[in-house]
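> Right, I'll just put the structure down here and ask away after.
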Amino acid sequence: MSGTGRQFRVARAVISPQHPGMIRDKEKPAPTKPGKGVIAVAPPSFRRERALLKRGVWPVAGCDEAGRGPLAGPVVAAAVVLDPKRIPKGLDDSKRLTADKREQLFEQICATAAFAVAYASPARIDRDNILRASLWALAKAVHALPEMPRHVFVDGRDKIATSCDCDAVIGGDGLVLSIAAASIIAKVSRDRLMCRLAEDCPGYGFENHKGYGVPEHLAALDRLGPSKHHRRLFAPVVAARQKHQPETATVPAVAADLFEFGAPPV
């Protein structure tokens with residue numbers, strides 16, 4: 001949302017002429033109450049999935065990732081196929097939910113939907129760059145589903161390499177219910193994993209900031225230097241590495257990845 005004070009709501013989806021595989025939502029000003037600067041945001045819907053189901057196209061998956069921005073830990077991607085008859089209530093973009101609500105919905109999604117999780121390790125991120133590593137993990141998650149979907153909706157601007165049809169939806173975690181479910185699975189899986197990494201590498205506060213570059217984390221990096229779970233080519237990590245390890249260190253090979261794909265942490 002811009003800082004101009006105008007509020008928007010989704011009107012309808014259109015195909016972006018610049019990127020035919022990408023769906024962009026046309027927007028129009030939404031009414032606001034006088035003197036109010038915040039309005040309720042409509043939750044994601046199941047209409048795209050339902051439209052495909054009516055045409056006989058099923059399974060339909062949504063996929064999303066968590067952890068592009070942190071300085072440490074993997075990118076975690078999830079793919080979810082919701083059961084149209086057992087959709088958990090309250091699904092939304094994981095960023096709009098409290099941690100407790102995410103945990104609650106995580107368990108409900110796992111109990112009612114088909115899902116898969118994939119991990120792109122810091123070593124892969126350093127080798128391939130964060131975007132390519134994220135797209136790789138998203139594709140791995142889709143192909144790890146119990147049944148290959150016939151159509152996939154992915155959050156963002158970029159389609160992923162799959163053997164089925166794929167649409168990229170900008171802001172998809174707030175628009176498409178299956179993507180919202182995937183955002184919850186990815187976020188909770190990654191948060192749980194970072195708490196485990198905090199036990200493996202104490203002192204960095206991974207359990208608190210989940211690897212993001214907050215002051216607590218930057219101070220620990222400066223004090224302790226990078227851990228084996230840090231992304232060695234991210235600028236703050238490079239600076240800390242130069243301070244603690246002045247010699248040039250090689251980037252670990254992808255073959256040594258700690259995480260590839262599998263069940264989410266418990």
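Placement of Cβ uses the backbone N, Cα and C atoms for every residue, glycine included.
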> Please identify which of D128, D155, D158, D165 is recorded by Swiss-Prot as part of the divalent metal cation site containing D64, E65.
D155
> Please list residues from the chain of D155 (divalent metal cation binding site) whose Cβ is under 8 angstroms from its Cβ, counting only those at least six apart in sequence.
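For D155 (divalent metal cation binding site), the qualifying residues are G62, C63, D64, E65, A168, V169, G171, G172, D173, V176, I179, A182, S183.
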> Among the binding-site residues D64, E65, point out the residue whose Cβ has the most other Cβ atoms within 10 Å, with all shown protein chains included in the count.
D64
